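Per TrEMBL, these features apply:
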| type | residues | note |
| --- | --- | --- |
| BINDING | 47-49, 86-89, 117-119, Asp122, 142-143, Lys164, 182-185, Asn193 | NAD(+) binding site |
| BINDING | Arg133, Asp149, Lys155, Asn165, 197-200, Lys259, 273-277, His280, His296, Lys365 | 7-phospho-2-dehydro-3-deoxy-D-arabino-heptonate binding site |
| DOMAIN | 194-367 | domain '3-dehydroquinate synthase C-terminal' |
| BINDING | Glu197, His280, His296 | Zn(2+) binding site |
| BINDING | Gly895, Met896, Arg897, Gly898, Ala899, Gly900, Lys901, Thr902 | ATP binding site |
| COMPBIAS | 1038-1050 | compositional bias 'Polar residues' |
| DOMAIN | 1345-1426 | domain 'Shikimate dehydrogenase substrate binding N-terminal' |
Amino acid sequence: MTDSQPDLYKVSILGKESIHCGFHLIPYIAHTVLTTLSSSTYVLVTDTRVAKFHLGAFQAAFDAELSSIPVEKRPRFLSHLIPPGETSKSREGKAEIEDFLLANACTRDTLILALGGGVVGDLVGFVAATFMRGVRFVQIPTTLLAMVDSSVGGKTAIDTPHGKNLLGAFWQPEYIFIDAAFLETLPLREFSNGMAEVVKTAAIWDENEFATLESRAVDITSAIQIESAKNSHAGRTVSTRSESQKLLLSVIVGSISVKAHIVTIDERETGLRNLVNFGHTIGHAIEAVLTPTMLHGECVSVGMIFEAEVARQMGVLNQVAVGRLSRCLKAYNLPISVTDSRIASLPAARQLTVDRLLDIMKVDKKNSGTVKKIVILSRIGATYEQKATAVSDQRIRNVISEAVTVIPGLPRNAPVKMATPGSKSISNRALVLAALGQGTCRLKNLLHSDDTQVMMQALIDLQGATFSWEDNGDTLVVQGGGGALAVPPNGKEIYLQNAGTAARFLTTVCTLVKSDQKGAATVITGNARMKQRPCGPLVDALRASGNPIEYRESVGSLPLSITATPAGMHGGHIRLAASISSQYVSSILLCAPYATLPVVLELVGGQVISQPYIDMTIGVMKSFGINVTRDVDASGKPLDVYRIPTGPYRNPPQFTIESDASSATYPLAIAAITGTTCTITGIGAASVQGDAGFAKQVLEPMGCKVVQTEDETTVTGPPIGQLRAIGYVDMEPMTDAFLTASVLAAVATRDSLPGRALTGAPANTTRILGIANQRVKECNRIKAMIDELAKFGVQTKELDDGLEIYGKQIEGLNHGASVDCYDDHRVAMAFSVLSTVVAGTIIEEKRCVAKTWPNWWDDLENKIGLSTEGVELHSSAGPSTSRSYEPEASVFLTGMRGAGKTFIGTLAAEALGWEFTDADAVFESKHGMLVSEFVRDNGWAAFRDAEEAVLNDLILTRRKKHIVSLGGGIVETPSAREALKKYAKAQGPVVHVVRDIDEIVQYLGTETSRPAYGEAIEDVFRRRQPWYAEVSSHEFISHTQPATPSQHPKSNGHVGGTAKVDPILPAGSGVEGEVKRYFEHITGLHPNLAPNVQPDKRSYFLSLTFPDLTPALPLLDQLTTGVDAIEVRADLLSTSGLPVTHPTVPPRAYIATQLAALRQITRLPIVFTLRTASQGGMYPDSAHSEAFDLFDLALRLGCEYIDLEVSWPEERIRELNSRKGNSQVIASWHDWSGQMKWLSSDVNQKYKLAAELGDIVKIVGTAIDLGDNIDLHLFVRSLGKAPRKPLLAINMGEQGKLSRVLNSTFSPVTHPLLPSRAAPGQLSFAEIQQALHLIGQLPKQRFYLFGTPISHSMSPTIHNTAFSALGLPHRYVLMETESVDDTVRTAIMAPDFGGASVTIPHKLAIIPLLDRLSEEAQAIGAVNTIIPRKGSDGARELWGDNTDWAAIHHMVASNLKGISPTNAKGLVIGAGGTARAALYALHRAGICAIYLFNRTQSSARILVDSFPAAYNIHVLDNLDAFPNGAPSVIVSTVPASATTTDSSVKNALLLPASMFALPQGVVIDMAYKPSVTPLLSLARTVNSAWIAVTGLSVLLEQGYRQFETWTGRRAPRTIVEKEVMAKYLL
């Protein structure tokens, strides 16, 4: 070895010093291996990524060492590269390495070197353990995670489709070489990934090591950010090591030493070694869902916090330890929660359900049978047991659930005596002062919460102080910086989450930063809510006194850029408006001693808010050596002028933080509401906190007994339900406590005490004032309380300065309310008080309490004695945190006046069964005048204000099951736009109804009921369009008139002036059908997804290739024969109508009109596709923004599927996923090169990425030969049968046709009528069915019609035509029998029986032969359809159904326009089996009363008796009179030959004209010959407005439904009707 001998740390494991640690060890490794491990062959295995950095150096080092060995004795040095990533760690990956070894004649003396991360180490170790029954190997880990974890201990393994590391062995390496210099090439994220294991090891074993990790994170991280190799390999020897290198190596060696010690004692993991799995039980479950996007250490980091919280819930770990662990992990940029944006933004995060995680945890080697085991911490550096501890599923569920419910009852531990956490307000003040002060200060009883963590991290970022811990974390040691602060590193922003106190205090603290560097600035920012909370008055005051501060986004809120100056804070006379927040005042007070000039702080602008908090600040400053004086007037009355001297703070040796008085209100309120006793220690009359007065000023007047000493408060509540209303209470001194008072007031029903009652108000009124500032806290707390109390049925009233609550008896409150906490800790804890007496209350966002009382839920159970249970909030299925509304959330419509909002809204309300609300009508009702009159009398400005008030009221009161049409000008008001955006983001859809501007202008030219705009309509349109887009989540293109028959007939089976029978469109075509589809889909009531996309079924979509879809619309029914969806290839659309010849971005407006035209014809789901040029399409690869604008349009228009190529920017795909709602993403990859190999790791990686990003995976290759299809099939089989995303996997080209036949999910198909195929090798639906039949995958089946007489039936024509058109091999035949005999029995039991139609006289007789009946068939008492199905046990069973009723129901619902069914009457003529179906159909249609007429009245009465009374059926003596009004719907079920309109005809039923007395209605004659029966002819003659439906139309409709029930495919209506009509007219 020619290089200098490195200085090493050697760690012993299993009695051997085999772990060697240092820097730049490659020459040393080569020398050591060759001199101590003799072999004929040395094989280095690494991955291609690591090879780029290190393979050359290893090759050179081994060559140099080998060169000194004679050639004849010189061993071989081979290297082998594998693909990077977890996919290599497989059976196939192992076999590939073994084949390499065998091919190179490697023998049992071979030594294998594993160079890489954990994947390489695990894989190569397992190869070594099994090759030639075991060969030696050496671990050379290159990642921090592998160095401290996977390389140490001898565990080796590979993954299988069933899980990670399920096949492996214990096989100890000869050496483990830890070269910390490798970490310099490691991405920072990978370094953090490894630090999770380092932190874990210290947490379970060594508190001192943990203290180093938490206090020196910056130094440790900086060690990998140097390039020591360029500096003469600095670090190889101790003399050349930097301090940060020494620290890093010390940390690594320390972590390895612990694991080596544990492995030496427990090599095979029988007990002690379980300890190194702290965080892994839950972390591995999270990793199983999120891999490969989230790294192992990141998932374990989250797992550690969850498992620490389990320990805290058990009462064996305190919050101090949980807080320290959280801070330490965050310091290394690791996630500590599944709500971390890095996790929450992932599509797979939607699968992190509690049940899923618990199910994964079942497979854990630590478990004892079904009992799960977790490593439980007892403190930092120690565990509860020297092994994993048994933990119940319920306890785990309680911890990992996102929501919680409190089980009502009396506290088990009453009388309760407890302390609350340290005061948040005092903690933050003490942290700032101790950091700015000189010397060391020990802070006792510091609050360990999100807020204080944010403050500490910010002070660290500013290099203002150092922090360490004593007394097992109970004492924070602050080494003050004396006011010396520095600008954070370039690009580093100080992120303050939603910590308002930290944001206000640090704004002024940052002005203390001094710098001579021009432009040096500190940026402070926060989350979305923090960016809304005001800081303007503070910034204005600081700016006015000479401090340069700039707003980075919205004026008046964070983020702020605070420029450092040589002098720092200027000081002098500062005038500050303090009527919004006392934190502004405290911020300046705290920093004033370090200003250049003494500060005189004058408070202006009205009444100062929360004076007790200002006094608190002054009191804490005095403890740190600075005395603030307050001016007084001549009478001695204090003025709002404060004088602060300059000078440093001098840290007291110790400062004890008082318990939090705001937090104390919750356990005291629980005592009040449950009638029990609670004592809070550390809070009494001597407290400096205003909220300490809550017990005396709020609870005592409510009827509680209160005893308060200097440092204790005891409350005993009255009997449950006996709380008094307070009357009036001013809570300005304790504003945060108003939420607690509000939930108590909700159940306070007894009269107020004398002198407190409110004049003119109900006796149960509590009026809380002085709390206006609560609107700008973590949320608008006043509105939050009003909205959430409303869920319990509690009435409230908002006031300018507060609110009124009207108490209600506890037993009258609504149970099961789900409380939205708005990420506000005080909302969550306040409603936990109310939930102690209201069953089923769910507190959402339970973790928001971490801001001030992280262990509140644990203390509620352990200290107070109230049980809690975790609750999982279910959301729509999908692969991401997609925007998802409750299905019943109301829909708001916006758009220009005249766009058709009322028309569309009315149709939508009818379709959904919801109520329609016109906002203008509500406005006019409220104000008692027309909108035009209000504008005339009050002006536009007043109207806009009043209009917004109506909007806000509608959002509050029309929460569910309403379609609300808004005025077109609502978007003119900025705050109204904000309200709509907020609603669209979190509550429900806001739909922009779009209509062509020319149509709007034409309409408004004749409309006079609304006020004139006063400007050109076109100008209004152009101004508002961006606003409509901004506020809306969806878009509906309004066609206010149905399509004309010349374009596509829409008769729904009725006859016109001739005997011609019109074609029948599928249910739901036209405007009404599209409105129904669209609104059912976007609300989630009935997402319009393809039902056949599921296991064991086949699904297809038609790839449309027309450049203009409109000419093809009349052909659409034929084109879509058999398919489940339609693919719109937007990249092939062209405004010219000519084929696209080069990559082009199609115009957005053109795409919208094309989709809208298509939607008028079909309800089939749409697959929206933009295929890029590189993947075989005509869309430019680089036009990312334009593409995602079109994808967004597709989502807004309600397209059900979006095809997204995984080559698009991943962050754009994830962002679109977050907004997809009920639509689904097809994540696709297309390879046109023919180079893609299905069994390669590249395809595996593409599959995993697509599975993570999409709901459906689509991978398309190009087949060169038949073998490519076989490889594809093997790839699909390798994925296993475990639940997975639907997979579309096919090959293109002529050779790939077989793959298209075999693919089961969304196979793309073509059609002979298309101008071209969308891809080479594409087949039609019929061709695929024929091929499936030929290869035995689609056996021929026989279908029957049972009955008599049936020789003239149209059913064989209907079904056989449909079978033929779809390429299905089946056959439908007649089986005419007088009875249900053995012939029928034999047919239905035959293996090839596919189904049967049943007609007279067998509809009842067939029932005993069937296994089950549908609900409808049972209710009707007759069967007309038999379907063979697979039962729950897998055996075939025969299912009886009735489609007659469905066909009748469809005809009624489709044609009964302008008549409410609840007011309509129906008439059924006849009393046979079809009459039964008609009665059922009319009842299901909502017809309020039904007349029944039959010439044999006894039969009619028997029929009526067989139906429930709710059907409201009345038997008529004749057809001349209708006792309750004439019918709107008439259905005749008797033969046409038995009816007449000629009174001279005998033995026939005379049909009177009086049946058609109403101006409009629907008449259906079930007889289909002749085409115009006497009944239909009479209707046309008497009243042409009646819709007449022929029996043939009904026959066809019920036949279509039978066909779809049997085959799962829609019948090709156009083709079938053509054949039926040809036979019918013969």
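Using N, Cα and C of the backbone, Cβ positions are placed for all residues, glycine too.
Model, not experiment: these values are computed from the prediction.
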Rounded Cα separation (Å) that holds between Met896 (ATP binding site) and Lys89 (NAD(+) binding site): 59
Rounded inter-Cα distance in Å - Gly898 (ATP binding site), Arg273 (7-phospho-2-dehydro-3-deoxy-D-arabino-heptonate binding site): 73
Neighbourhood of Arg133 (7-phospho-2-dehydro-3-deoxy-D-arabino-heptonate binding site) by C-beta distance under 8 A, where only residues 6 or more apart in the same chain count: Arg108
Residues in the domain 'Shikimate dehydrogenase substrate binding N-terminal' (1345-1426) grouped by DSSP into helix, strand and remaining coil: 29 helix, 19 strand, 34 coil
Those binding-site residues listed as Lys89, Arg273, Lys901, and which of them has the most Cβ atoms within 10 Å of its own Cβ: Lys901
Rounded distance in angstrom between the Cα atoms of Gly900 (ATP binding site) and Asn165 (7-phospho-2-dehydro-3-deoxy-D-arabino-heptonate binding site): 60
Asp47 (NAD(+) binding site) versus binding-site residues Arg273, Lys901, Thr902 - nearest by Cα: Arg273
Residue from Glu86, Lys89, Val119, Leu183, Val276 whose C-alpha is spatially nearest that of Thr902 (ATP binding site), among the binding-site residues: Glu86
Cβ-centroid neighbours of ATP site Gly895, Met896, Arg897, Gly898, Ala899, Gly900, Lys901, Thr902, 8 Å, sequence order: Gly968, Val993, Arg995, Ile1000, Ser1038
Asn165, Arg273, His280, His296, Arg897, Lys901 filtered to the binding-site residues whose C-alpha is within 10 Å of Asn193 (NAD(+) binding site): His296
Rounded inter-Cα distance in Å - His280 (Zn(2+) binding site), Ala899 (ATP binding site): 57
Those binding-site residues of Lys89, Leu183, Gly895, Arg897, Lys901 having Cα within 10 angstroms of Asn165 (7-phospho-2-dehydro-3-deoxy-D-arabino-heptonate binding site): Lys89
Cα-to-Cα gap, Lys901 (ATP binding site) vs Arg273 (7-phospho-2-dehydro-3-deoxy-D-arabino-heptonate binding site), nearest whole Å: 67
His296 (7-phospho-2-dehydro-3-deoxy-D-arabino-heptonate binding site) versus Lys89 (NAD(+) binding site) - Cα distance in angstrom: 15
Other C-beta atoms that fall within 10 angstroms of the C-beta of Asn165 (7-phospho-2-dehydro-3-deoxy-D-arabino-heptonate binding site): 17
Val276 (7-phospho-2-dehydro-3-deoxy-D-arabino-heptonate binding site) to Gly895 (ATP binding site) - Cα separation in whole Å: 60
Output field, Zn(2+) shell: CB within 8 Å of site CB centroid, site Glu197, His280, His296 dropped: Leu145, Asp149, Ala196, Lys200, Gly279, Gly283, His284, Gly297, Cys299, Val300
Set of same-chain residues at least 6 away whose C-beta sits under 8 angstroms from Val119 (NAD(+) binding site): Asp47, Pro84, Gly85, Glu86, Ser88, Lys89
Long-range Cβ environment of Thr143 (NAD(+) binding site), under 8 Å and at least 6 residues apart: Gly116, Gly117, Gly118, Phe182, Leu183, Leu186, Glu190, Asn193, Gly194
Between Val199 (7-phospho-2-dehydro-3-deoxy-D-arabino-heptonate binding site) and Gly895 (ATP binding site): CA-CA distance (Å): 56
Glu197 (Zn(2+) binding site) versus His296 (7-phospho-2-dehydro-3-deoxy-D-arabino-heptonate binding site) - Cα distance in angstrom: 9
